[in-house]
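Q: Residues or ranges marked as transmembrane segment in TrEMBL: 16-36, 48-66, 129-150, 174-200, 221-252. Annotated domain 'G-protein coupled receptors family 1 profile' per TrEMBL: 28-286, in sequence order.
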Amino acid sequence: MDNNNELISTFLVERVYKISITILGLVGNILTIIILTNKRNRKSSTATYLLALAVSDIIIILFGPFCDWLEIMWHVFISEYGEFACKVQTFMQYSSSTTSSWLLVVVTIERAISVTYPYKVRTSCTKQIAIIVVVITWTLVYAANLHFLFGMGQSYNNQCDAITPNYMKFAEYILPWVDFTLSFFFPFIFLLLGNAVIIHQLTKHRSRQKYLTHSNVPNNLAVSLVLVLVDFVFVITVGPIYVFSIVFPYFLGSLSEEEKNSIARFWGPMLHGLWETNAALNIVLYVMSGTRFRNELLRLLCFCCKKNQKSNGVFDTSANFNPIYVRSSLRRAASGEKKGSQLSMDLMPFKSPSTQIAHRNDLHDYDQLSIISGKRKTKY
């Protein structure tokens, strides 16, 4: 392999790409946290999961590309600050990566439940349950990676490495398979199955569009696009580094020392940088997937617009009519012949009670399902 190509690859990845990912990831995830903690989104279970995902992605960036950037630009090596710093850096890198993968799985499962069992959404997809699931996910993942705090440490040249021969064998031959299985393979299977269920249910809903208002139809396509993008980006950015970490050790015996170093210098930074990209791309997907998140982001960046315009919330939906407004207005104006609530039902666009129920469930179904909904949520 040509040395010039290695130098160019190293320069582009370690100097240009690392700083770009660090800035985009930190700024993007911080903006996401600010938007998701908006008072209109605080009660949403989906916002809770995405908030935890943004925090986990920030940890990946701080202990990954940001530390690499400090080493490259200012020669600040975390491992030189003591054995504890070395242990914590490795522990946080692996734990945050696995946590992000499983939080993505949890969001997908929640969407699948929302579209498959719309009648149970209000009881099974609440913020309280979301908080419990997030805490359990973080606890289990971080507990499973506690072995890094005992097996990793400073080597003779102040590098962070395994401190015992047995743990070194574990780190070289067993850990890559464990990490691949827990951080990529199982999450990928769940994402694949969850997305298949969601797309299948969305296809079924399209056959019932006569029960939906016209304004809800774009939500269908938007959610499908988000699911495909999230799954595609996860596989493309996260998969290669795990496959490389599994395959590479088994070819070491047939390669010379120069070939090993050449492959590691060329492919290592590229695949590692690609893996770190996944932590910085979520806000890009959110912006691409819906107008509501873009509007919230613009209001956040433009303080004048934020002061003069009212937001309906990222996860709110809005139909062509507002039953609450109709109901309250009719209560004020209705005569004694009919109750206001009955008059409001008479003005609903669907005459039969069964179609009214189907319409209400579809509205709530798509509100819980959407990552970034473009409409205002309506309560009945």
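Glycine residues also receive a Cβ, built from the backbone N, Cα and C atoms like all the rest.
What TrEMBL says about a protein is an automatic prediction, not a curated fact.
Not measured: the values here are computed from a predicted model.
Tell me about the setting of these features in this model.
A: Tertiary proximity for the transmembrane segment (16-36) is limited to same-chain residues at least six positions away from its ends with a CB under 8 Å from its CB atoms, namely 47, 50-51, 54-55, 57-58, 60-62, 65-66, 68-69, 72-73, 273, 276-277, 279-280, 282-284, 286, 293, 296-297, 300, 314.
Beyond the transmembrane segment (48-66), the same-chain residues lying 6 or more positions past its ends with a Cβ under 8 Å from any Cβ of the stretch are 18-19, 21-22, 25-26, 29-30, 32-33, 36-37, 89, 92-93, 96-97, 99-100, 103-104, 106-107, 110, 127, 130-131, 133-134, 137-138, 273, 276, 279-280, 282, 371.
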Q: Which value does the mean pLDDT take for the domain 'G-protein coupled receptors family 1 profile' (28-286) in this predicted structure?
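A: Summing pLDDT over the domain 'G-protein coupled receptors family 1 profile' (28-286) and dividing by its length gives 84.
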Q: Grab the same-chain neighbours of the transmembrane segment (129-150) for me: Cβ-Cβ under 8 Å, and only residues 6 or more beyond its ends, written as numbers and ranges.
A: 45-46, 48-49, 52, 87-88, 90-91, 94-95, 98-99, 102-103, 106, 110, 182
